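Engineer: Checked TrEMBL, it gives:
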- 3-302: domain 'Adenosine deaminase' (DOMAIN)
- 8, 10, 181, 262: Zn(2+) binding site (BINDING)
- 184: active site, proton donor (ACT_SITE)
- 205: site 'Important for catalytic activity' (SITE)
- 263: substrate binding site (BINDING)
Ligand code: HPA
Ligand SMILES: [Zn+2]
């Protein structure tokens with residue numbers, strides 16, 4: 001296995017059905033079913049929103065610092081990577097009454113105890129608006145040393161990056177790195193806004209950037225990394241099948257693309273599974289896969 005870094009991974013998206021059941025029992029949370037296979041059988045998605053509905057629903061089992069510790073520890077043990085920059089969604093927990101100190105406490109301790117170097121990137125839920133994002137950032141500043149950057153995720157279309165200018169400006173002022181999901185379901189205009197308005201240093205997904213040649217030129221010239229998630233794109237129907245994925249074309253354009261798992265518990269695999277699918281289903285060469293793995297270290301913030 002070639003060494004690689006994971007740069008697009010939502011820690012809540014590593015919540016495997018087995019852990020959902022274990023945590024539900026531990027915390028006495030009612031579930032529609034305690035059958036692991038029945039939980040997994042629900043993971044058929046038609047778009048981003050249909051995934052997000054289940055993703056947020058399952059988070060109900062995450063209640064204590066120990067839960068967040070166990071979640072992150074389980075991921076780090078099975079990630080198969082040498083370095084990880086990990087997203088988390090504090091608002092998804094705050095709105096359920098789980099305080100920020102519980103989330104930071106558990107995740108930070110897990111990263112500290114891990115053999116793999118890892119860092120946290122705090123994401124704003126773009127479908128909850130810019131005011132709440134700013135509140136969360138201010139509430140997180142006492143934990144400033146525990147995260148390296150901010151990101152923007154959740155439902156993309158209708159929630160353009162430009163709405164988040166102020167909170168990203170504040171983050172930049174705090175010396176935080178900046179990334180945003182853009183061009184997953186949204187068009188190239190969302191990627192332009194992420195670059196021009198939010199001043200992001202990496203674009204998460206960004207596959208639809210390929211629809212705009214001048215945007216492709218900008219990304220190439222500035223060597224802006226794109227964190228692509230092939231199995232996620234197939235499962236959320238951002239692409240019809242892996243054979244139709246434009247990842248090889250992105251490489252051919254000279255873009256700094258990387259391969260990542262996004263939400264591996266939901267999309268059928270961790271980073272190595274994504275590489276294997278690219279080899280087996282898309283026929284990508286070992287040289288191309290080597291390039292993608294090297295890119296992941298060049299694109300990392302904290303490596
Ligand atoms: O792929 C994603 N896109 C947007 N928001 C998300 N939150 C978890 N995964 C994703
Ligand atoms: Zn994502």
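Glycine is no exception: its Cβ is also placed from the backbone N, Cα and C atoms.
It should be emphasised that the depicted structure is a prediction, and the values quoted were computed from it without experimental measurement.
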Engineer: Residues near the Zn(2+) site, 8, 10, 181, 262 excluded, by Cβ within 8 Å of the Cβ center?
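Structural biologist: Output for this site, in sequence order: 9, 13, 87, 153, 204, 205, 227, 229, 232, 260, 263.
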Engineer: How long is the line from the C-alpha of residue 10 (Zn(2+) binding site) to the C-alpha of residue 263 (substrate binding site), rounded to the nearest angstrom?
Structural biologist: 6
Engineer: Counting all other Cβ atoms within 10 Å across every protein chain shown, which of the recorded positions 8, 181, 205 scores highest?
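Structural biologist: Output for this query is 8.
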Engineer: Note down the number of other Cβ atoms within 10 Å of the Cβ of residue 262 (Zn(2+) binding site), including every protein chain shown.
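Structural biologist: Around the Cβ of residue 262 (Zn(2+) binding site), 29 other Cβ atoms lie within 10 Å.
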Engineer: What is the average pLDDT across the domain 'Adenosine deaminase' (3-302)?
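Structural biologist: The average pLDDT of the model in the domain 'Adenosine deaminase' (3-302) works out to 98.
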Engineer: Please go through the recorded positions 8, 205, 262 one by one and keep those whose C-beta falls under 6 A from any atom of ligand 1; give the result in sequence order.
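Structural biologist: Only 262 meet the Cβ criterion.
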Engineer: Out of 184, 205, 262, 263, which recorded positions lie by ligand 2, with a C-beta less than 6 Å from some atom of it?
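Structural biologist: Once distances to ligand 2 are taken from each Cβ, 262 fall under 6 Å.
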Engineer: Starting from residue 8 (Zn(2+) binding site), work out which of the recorded positions listed here (184, 205, 263) have their Cα within 10 Å, and give them in sequence order.
Structural biologist: 205, 263
Engineer: Using a Cβ cut-off under 8 Å and a sequence separation of 6 or more, which residues in the same chain sit near residue 263 (substrate binding site)?
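Structural biologist: Result: 10, 12, 13, 14, 51, 55, 232.
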